[in-house]
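Below is one structure, written out as structure tokens, with a few remarks after it.
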Amino acid sequence: IAFSFVVSSKQLYYKEEKNIRWASRWDYILESMPHTHIKWFSIMNSLVIVLFLSGMVAMIMLRTLHKDIARYNQMDSTEDAQEEFGWKLVHGDIFRPPRKGMLLSVFLGSGTQILIMTFVTLFFACLGFLSPANRGALMTCAVVLWVLLGTPAGYVAARFYKSFGGEKWKTNVLLTSFLCPGIVFADFFIMNLILWGEGSSAAIPFGTLVAILALWFCISVPLTFIGAYFGFKKNAIEHPVRTNQIPRQIPEQSFYTKPLPGIIMGGILPFGCIFIQLFFILNSIWSHQMYYMFGFLFLVFIILVITCSEATILLCYFHLCAEVRNIHQYSYLVLL
């Protein structure tokens, strides 16, 4: 049963609608929301960028890399190797352990945790488990999934840290458990203190904060240790080529081959895929509107992941062609 409002002669009447089914009770609200043709425009905009990047990656893989690898495999002498140029000259240096391997592995582990959490949350929302009628269901699902996904975070961080030649495994596990979550929680707590000071009803109760801390320390941290244990028990990731003993000198770089322009470009391309969808999300938050297009959001998320991956492949290839070997940090910053 639903009610409609009838305004007549400055009076308000409630009209009972008995012919509305339970499954369609939200239709009169959803029909008042902005039309979905703009959503499809955002999908098409994202697909165009993905197709462009896919074409670039395919061109590199099928032409440049195929020919280069075939010619590189035919080289038998050092003199021939010295005549080569580009990424082939740094093939013995790109797998050298990065200078900040500890932090890089920690960020990779936390990123894996957030990526899986986002994917599963949006997937459940697409299936209808997280209805707009259930206020706070989306955020609750995200927090619970983040807590339960401590094992993949610890495993990925441990695997990469071991491949970097690290030996401080306890520090690695502790940083994976507390660094990124601690920064987010500290920021969240400071904003909540401001809301408490202003007497706002949007402030999170103290009991809820204690419950979040209990989930973090009692569930997420132990799961991270379990994942790290299995990660360190595995053999280190084997590299396809041997690393040179003496690092090769990096030639002088032009402005376009320096890391900063590539990092900026790596952020512009993914932003071009999601800026329209991001506009609707922020507009729904600030205008107190109902956001229900989880199908569009999930599709844009998949396109975003593909775009970030392809943009990273392209920019890292150009970076290697400039004979720059610090590819670990660069690829992470481009993807970030």
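Backbone N, Cα and C atoms are what each Cβ position is placed from, and that goes for glycine too.
Quick look at what TrEMBL annotates:
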type	residues	note
TRANSMEM	40-62	transmembrane segment
TRANSMEM	103-130	transmembrane segment
TRANSMEM	136-161	transmembrane segment
TRANSMEM	173-196	transmembrane segment
TRANSMEM	202-232	transmembrane segment
TRANSMEM	263-286	transmembrane segment
TRANSMEM	292-318	transmembrane segment
* Asked: Any chance the transmembrane segment (292-318) and the transmembrane segment (103-130) are in contact, meaning at least three CB pairs closer than 8 A with a sequence separation of 6+?
  -> yes
* What stretch, picked from 40-62, 173-196, 202-232, 263-286, has the most CB pairs under 8 A with the transmembrane segment (103-130)? -> 173-196
